[in-house]
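*Asks:* For reference, the structure I am asking about is given below.
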Amino acid sequence: MPPSVRYFFIVSVTTVIVFIVLYVLSFGGDQSYQKLNISDSVMLAQVCSSFIDGKSRFLWRNKLMIHEKPSCTEYVTQSHYITAPLSQEEVDFPLAYVMVIHHNFDTFARLFRAIFMPQNIYCVHVDEKATAEFKGAVEQLVSCFPNAFLASKMEPVVYGGISRLQADLNCIKDLSTSEVPWKYAINTCGQDFPLKTNKEIVQYLKGLKGKNLTPGVLPPAHAIGRTRYVHREHLSKELSYVIRTTALKPPPPHNLTIYFGSAYVALSREFANFVLRDPRAVDLLHWSKDTFSPDEHFWVTLNRIPGVPGSMPPNASWTGNLRAVKWMDMEAKHGGCHGHYVHGICIYGNGDLQWLINSQSLFANKFELNTYPLTVECLELRLRERTLNQSEIAIQPSWYF
């Protein structure tokens, strides 16, 4: 057998054996409290490395089980949560997270573990329309952490409606009364995942020097109708949506200039208090109740007002690296989606790993653990490795995957 053929045969056989081992590890036996031991972790690292290099196509499932946990203490330990601040810098700069979710519990649980730090605080808003099973699972998870809580008021969230913005604001209001001295609030959805460690996020936000991060511009042509016409939320058990009417809206209050931007932002505590109390913010919220996707104009419009705490100048544009998103209409720029599109946004597949790893953004959107498990697993492993490498304290054995 020629050497080149022999080499190809050996590589092929090895690949098949590794795949079988992975399959058995993934689906064999009771998966409650399944965790990566040393050999599993090494195996996953090798698989991820190969996949990023475009050499392998593996299926991997390392399910983080939340249900039927015997105790919070055991769950926190066996799920490898980090239970102590890793540096004084992070202690001195706690973060607040707003997490608005409605389904896909496993993906949310991975996000929560990835961003969890004991010095931070977490407000979780569960869609009022979510199933009882989902609500119960989230409540059970959150109850294990003294620095996490459910929003005091839950909204039945409608895609594109005011309820989505109101869900964020409900958490912002709850967080404003927290004794945790958080510096910035970051809003997320259940299909986000961090690309940077907590320390890296802290250092990035410290660099803003109190400025709020609300990427956005003056409305392009396709977005003008969102605030020009009256919109109505339609809410039912079968289908919820926003409809556009032919009625024109009055001008915005206080002669505000409306901007169009990202629904995902990083807000200083001072700005959060302004949003809750200042008449301009309160009136803009009321005016926005019958617009389309008000979360995409509310934050950026307020943050362009001169003199507002942490405001950015009108020409700030899309400044900031909050979210890595692959839009369907921008394939020429990002190279295409290797998963599939939903609402014009890529659900990341395994082939997107290299692009995600190269991104300078703090977070990426969107992920589905049950559809593309390896994508989340590889990012999670890489993030934990960097997190522990940056630690300035002794690392507990349970923090390793």
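Placed from the backbone N, Cα and C atoms, the Cβ positions cover glycine too.
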*Asks:* Among Asn212, Asn389, which is the one flagged in Swiss-Prot as N-linked glycosylation site?
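*Replies:* Going through Asn212, Asn389 one by one, Swiss-Prot flags Asn389 as N-linked glycosylation site.
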*Asks:* Including all protein chains displayed, how many Cβ atoms other than that of Asn315 (N-linked glycosylation site) lie within 10 Å of its Cβ?
*Replies:* 9
*Asks:* Give me the Cα-Cα distance between Asn255 (N-linked glycosylation site) and Asn315 (N-linked glycosylation site), rounded to a whole Å.
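*Replies:* So the alpha carbons of Asn255 (N-linked glycosylation site) and Asn315 (N-linked glycosylation site) sit roughly 18 Å from each other.
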*Asks:* Could you work out which of the glycosylation sites (Asn255, Asn389) has its C-beta surrounded by the smallest number of other C-beta atoms within 10 A?
*Replies:* Asn255
*Asks:* In Å, rounded, how far does the Cα of Asn315 (N-linked glycosylation site) sit from the Cα of Asn389 (N-linked glycosylation site)?
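*Replies:* With distance taken Cα to Cα, Asn389 (N-linked glycosylation site) is 38 Å from Asn315 (N-linked glycosylation site).
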